[in-house]
Amino acid sequence: MSATVHYKDIRKGMEKDLESLFKKYDSDRNGKITYIEIVETLRKAGKKNPERIADLLFRDDTDKNGELTIEEAKLRIVRMNDEKIEKVLNWDVEKFINDNDKDGDRKITRDEVLQRFTEQGAEDPELITDSIFRQMDLDRDGVITCDEIKEFNRKKKFSFLKSSAPKQ
């Protein structure tokens, strides 16, 4: 599969994610989301600092009318070239490694992931850890590397809105 096809697939996935985002936040179903709609929805969901997330989304309000349309949000995707998308993918991989690699060896062990979920009070950290390793430890050597994460992202539908990394 060529890199161009891969990035087109990512763009399509991003557009679907945007459509889902609009369905979730457009409380009055007028095809536009307001800053207040985003903040209120995030607050109801128990998110901390909903204004910060709304600020990030509203960078795409190109006409600065206080309403974000799906077309405005899609412009960001169009403006992203393949190089930028690859940079974002690599940043996500780096962030996942940095968030979970406790000993700095650039590999994530099962114990490191298990410790992370246990510290966060996950309901079943063993089950979550096993699931992550079944999917991402491609060579079954007990560690997850940057290359395995990149390969996992290539094979799976990549989503910018659904992080594969544990939440902080």
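Glycine is no exception: its Cβ is also placed from the backbone N, Cα and C atoms.
Features of the protein shown, as given by Swiss-Prot:
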type: DOMAIN; residues: 13-48; note: domain 'EF-hand 1'
type: BINDING; residues: Asp26, Asp28, Asn30, Lys32, Glu37; note: Ca(2+) 1 binding site
type: DOMAIN; residues: 48-83; note: domain 'EF-hand 2'
type: BINDING; residues: Asp61, Asp63, Asn65, Glu67, Glu72; note: Ca(2+) 2 binding site
type: DOMAIN; residues: 88-123; note: domain 'EF-hand 3'
type: BINDING; residues: Asp101, Asp103, Asp105, Lys107, Glu112; note: Ca(2+) 3 binding site
type: DOMAIN; residues: 124-159; note: domain 'EF-hand 4'
type: BINDING; residues: Asp137, Asp139, Asp141, Glu148; note: Ca(2+) 4 binding site
Cα distance (Å, whole number) from Glu148 (Ca(2+) 4 binding site) to Asp63 (Ca(2+) 2 binding site): 41
Reduced DSSP assignment, Glu112 (Ca(2+) 3 binding site): helix
Ca(2+) 4 site shell beyond Asp137, Asp139, Asp141, Glu148, criterion: Cβ within 8 Å of Cβ centroid: Met136, Leu138, Arg140, Gly142, Val143, Ile144, Thr145
Candidates Glu72, Asp103, Glu112, Asp139, Asp141 (binding-site residues) - the one closest to Asp28 (Ca(2+) 1 binding site) by CA: Glu72
Cα-Cα distance linking Lys107 (Ca(2+) 3 binding site) and Asp139 (Ca(2+) 4 binding site), given in Å to the nearest integer: 13
Other CB atoms within 10 A, centred on Asn65 (Ca(2+) 2 binding site): 11
Non-site residues, in chain order, whose CB comes within 8 A of the mean position of the CB atoms of Asp26, Asp28, Asn30, Lys32, Glu37 at Ca(2+) 1: Tyr25, Ser27, Arg29, Gly31, Ile33, Thr34, Glu67
DSSP-derived class (H/G/I helix, E/B strand, else coil) of Asn30 (Ca(2+) 1 binding site): coil
Rounded Cα-Cα span from Glu148 (Ca(2+) 4 binding site) to Asn65 (Ca(2+) 2 binding site), Å: 43
Around the Cβ of Asp137 (Ca(2+) 4 binding site), the count of other Cβ atoms that are within 10 Å: 18
